[in-house]
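Asker: Pasting in a structure now, in structure tokens, and then I'll have a few things to ask.
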Amino acid sequence: MQVHRMKLLMGSGGGLLFGIIFGWVIFPKILKFMISKQVTLKPGTDIRDLWSATPFPLHFYIYVFNVTNPDDVARGARPQLQEIGPFVFDEWKDKFDLIDDVVEDTVSYNMRNTFIFNEEASSPLTGEEIITLPHPLMQPIGITVQRERAAMMELISKALTLVFPDATAFYSGKFMDIFFRGLDVDCSSEEFAAKALCTVFYTGEVKQAKQMNQTHFLFSFMGQANHSDAGRFTVCRGVKNNMKLGKVVKFADEPELDAWPGDECNQFVGTDSTVFPPGLKREAGLWAFTPDICRSLGAMYQRKSSYHGMPAVRYNLDLGDVRSDEKLHCFCDDPEDLDTCPPRGTMNLAPCVGGPLIASLPHFYKADPKLVAAVDGLNPNEKDHAVYIDFELMSGTPFQAAKRLQFSLDMEPVEGIEPMQKLPKLILPLFWVEEGVHLNKTYTNMVKYTLFLGLKFNSGLRWTIITMSLVGLMSTAYLFYQQYDSLDITMPPKIIKESNKVADEVESSKSKTIEQNSSITTSLPGANQSHHKDRY
């Protein structure tokens, strides 16, 4: 019986130790190893196929700020804005001209985005709505020349009247024309001023313009970006080092940007936003390089979350204040002069796009309150305007996300151009976009069955082993207690003999004491008087 109790004790203790080590140490390492072998950009893997051509469209929303009092604003009044949208598009992403470098463990490719108008999701909007915005070319050109080439102002002013006859500070046109189909740019004039201005169109410096013939171009905000090359990336495949999966190492065949006056701001940090490495630490954030704004942005951990019953973590993004971080002073016009830094929650895009544009979260959410107060019609709030992503860390899977960004004109009066002489100086919102994704059950089930069922199995197994081990330990303790409680308490013979001897001595002592007391009583005078009285 003693042997069985010891076997039960050893088995239960060993089971408890095994459950703890296997459940919290061994199994997670095995699972991470299996994921690291599956989640790579090596040709022939499922992840490579999904990454190369997204098998489902992302949702792309455009919200436009319609200026309802353009004539008043041209005379210096406060702008009144009306948000119109969303205009909804299906965004398809794919990569082409892929070249692998096995030695460097990288893959180079060109990114392509294709936007298809979704009439049903956009309804009742059709895309033919008339929108009033600051003139898409006159205002940016006038402001840029005033800031950077003031000596050419007279020449450019004349050129604008030739290329855009009868143009005013604000332009009214159809949404689809402004954003995709294009506005006509007439470079047919033989005047020197017009030819000087049109040079930037012929040389391709205006990337949003498409040449239609020898003398005409079409300019639009997004037309040239639709189904066209968005730039060549080189990223890590993650075969040799899984933690480098998707990391951007080159863009446009360059190892860093040259848009900003400091090395820190020109570095690539993170991925191209279409893939993330597994096993990230939540405090490290999610970083991605965005060519449209020439900058890497990081979303930071906010809280725990869930998606379709699966645990996740939520990250959100804040452009912050470049003044408060010395490493970000290179995003100022002059890193040595903080007065040249953009307002809190914004980013100056001029060094990136060549025009007076400001990026921020929609409605200036989390930006300097003065920006919101400068115009009418804004209502910043977290639900509609925050950037967020619900992310599964172990597999590196984004469950759902909303990437939102607003583009505004850094407007100011331009003395040399008559229609712009009385404009107010402020940052005027133009439009904002949202790129959203919500994984459907087809893809969430892939994560669920390959990851979470394994985690649930591990959880069930380890707790079953631990519970059975604890029951075994308690049973062993009870058996040992029962054995101890049933033992007979028997004195050794020597102790019994000595105890009897002591008892005899005590009894003999008592007898002698009684005899002595009796003799003393008998010898006392009058001891028998009571007997005589009883006789009478």
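Glycine is no exception: its Cβ is also placed from the backbone N, Cα and C atoms.
Straight from Swiss-Prot, here's the annotation block:
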type: DISULFID; residues: CYS265-CYS330; note: disulfide bond
type: DISULFID; residues: CYS294-CYS352; note: disulfide bond
type: DISULFID; residues: CYS332-CYS341; note: disulfide bond
type: CARBOHYD; residues: ASN66; note: N-linked glycosylation site
type: CARBOHYD; residues: ASN213; note: N-linked glycosylation site
type: CARBOHYD; residues: ASN226; note: N-linked glycosylation site
type: CARBOHYD; residues: ASN440; note: N-linked glycosylation site
type: REGION; residues: 507-536; note: region 'Disordered'
type: TOPO_DOM; residues: 29-459; note: topological domain 'Extracellular'
type: TRANSMEM; residues: 8-28; note: transmembrane segment
type: TRANSMEM; residues: 460-480; note: transmembrane segment
Asker: Could you tell me the mean pLDDT the prediction assigns to the topological domain 'Extracellular' (29-459)?
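Answerer: Mean pLDDT, the topological domain 'Extracellular' (29-459): 93.
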Asker: If I take the alpha carbons of CYS352 (disulfide bond) and CYS265 (disulfide bond), what is the distance between them in whole Å?
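Answerer: With distance taken Cα to Cα, CYS265 (disulfide bond) is 12 Å from CYS352 (disulfide bond).
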Asker: Fill in the CA-CA distance, ASN226 (N-linked glycosylation site) to CYS294 (disulfide bond), as an integer in Å.
Answerer: 19
Asker: For CYS332 (disulfide bond) and CYS265 (disulfide bond), determine the Cα separation and express it in whole Å.
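Answerer: Checking the Cα atoms of CYS332 (disulfide bond) and CYS265 (disulfide bond) gives a distance of 10 Å.
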Asker: Can you give me the Cα-Cα distance between CYS341 (disulfide bond) and CYS330 (disulfide bond) in Å, rounded to a whole number?
Answerer: 9
Asker: Ten-angstrom check, please: count other Cβ atoms within 10 Å of the Cβ of ASN226 (N-linked glycosylation site), all chains counted.
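Answerer: For ASN226 (N-linked glycosylation site), the count of other Cβ atoms within 10 Å is 16.
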Asker: Nearest to CYS294 (disulfide bond) by Cα distance: which of the recorded positions ASN66, ASN213, CYS265, CYS330, ASN440 is it?
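Answerer: The answer is CYS265.
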Asker: Specify the secondary structure state of CYS352 (disulfide bond) as given by DSSP, simplified to three classes.
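Answerer: It is helical.
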Asker: Let's check the environment of CYS294 (disulfide bond): how many other CB atoms sit within 10 Å of its CB?
Answerer: 19
Asker: Restricting the comparison to the recorded positions ASN66, CYS265, CYS330, ASN440, which residue's C-alpha is spatially nearest the C-alpha of ASN213 (N-linked glycosylation site)?
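Answerer: The smallest Cα gap between ASN213 (N-linked glycosylation site) and any of the recorded positions is with ASN66.
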Asker: Does DSSP give ASN226 (N-linked glycosylation site) helix, strand or coil?
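Answerer: It is coil.
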Asker: Other than its own, how many Cβ atoms are within 10 Å of the Cβ belonging to CYS332 (disulfide bond)?
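Answerer: So the number of other Cβ atoms within 10 Å of CYS332 (disulfide bond) is 21.
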Asker: Given a 10 Å Cβ-Cβ cut-off, pick out the one of the disulfide-bonded residues CYS265, CYS330 that has the most other Cβ atoms nearby.
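Answerer: Result for the most crowded candidate: CYS265.
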Asker: By a 10 A CB contact count over all chains shown, which of the glycosylation sites listed here is most packed: ASN66, ASN213, ASN440?
Answerer: ASN66
Asker: Counting across all protein chains present, how many other Cβ atoms fall within 10 Å of the Cβ of CYS352 (disulfide bond)?
Answerer: 19
